[in-house]
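**Q** Here Swiss-Prot flags THR7, GLY8, ASN9, PRO10, ASN11, LYS12, SER66, PHE141, ALA142, TYR143, ASP144, LYS164, HIS169, ARG170 as substrate binding site. Here Swiss-Prot flags GLU37, ASP65 as Mg(2+) binding site. The active site, proton acceptor annotation in Swiss-Prot covers ASP65.
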Amino acid sequence: MKIYFATGNPNKIKEANIILKDLKDVEIEQIKISYPEIQGTLEEVAEFGAKWVYNILKKPVIVEDSGFFVEALNGFPGTYSKFVQETIGNEGILKLLEGKDNRNAYFKTVIGYCDENGVRLFKGIVKGRVSEEIRSKGYGFAYDSIFIPEEEERTFAEMTTEEKSQISHRKKAFEEFKKFLLDRI
């Protein structure tokens with residue numbers, strides 16, 4: 001079974017393939033197709049995107065939307081994570097948190113899967129905190145260099161993709177997706 005992953009981000013494909021590697025009958029293939037990103041919750045964006053891409057391809061497709069939510073900033077950047085990363089970046093988030101004791105944050109991923117039977121959503125959350133500074137060993141992307149997951153001292157960007165894939169929000173969402181696929185194959 002081939003499932004197309006509509007994303008321009010090769011890191012997401014790599015992470016998905018690591019998580020789903022033991023499903024021998026499932027092949028995830030990247031398709032670089034852009035779809036309109038509506039303003040809404042992660043769930044609304046994933047559902048809309050999956051339907052939109054499926055209506056073009058007429059083949060099983062997944063889209064994924066993630067957000068980075070910082071408690072002390074009332075959930076900002078949240079659903080605007082990509083835009084905020086491209087504008088103020090990690091430096092801007094750290095600046096907004098200056099003088100704040102509460103550094104709790106979480107990543108949330110929603111995968112939208114669409115086939116001839118409609119859309120299904122799969123969610124994953126990983127809680128943690130925002131580091132005091134940017135910390136990276138060259139791994140990861142976006143907010144990974146400022147996010148320390150619970151029960152860790154390293155940021156996601158200080159972990160290899162394989163290490164991050166064991167605990168990430170994307171892994172949790174893909175594990176839910178994997179359970180769904182196992183029931184179908």
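The backbone N, Cα and C atoms fix where each Cβ goes, glycine too.
Mind mapping these onto the model and telling me what they sit next to?
**A** ASP144 (substrate binding site) carries a helical DSSP state (H, G or I).
ASP65 (Mg(2+) binding site) has a Cβ environment of 24 other Cβ atoms inside 10 Å.
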**Q** Once near-sequence residues are set aside, which residues in the chain of THR7 (substrate binding site), 6 or more away, have Cβ atoms under 8 Å from its Cβ?
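**A** Within the chain, THR7 (substrate binding site) has Cβ neighbours under 8 Å at ILE13, GLN30, LYS32, VAL63, GLU64.
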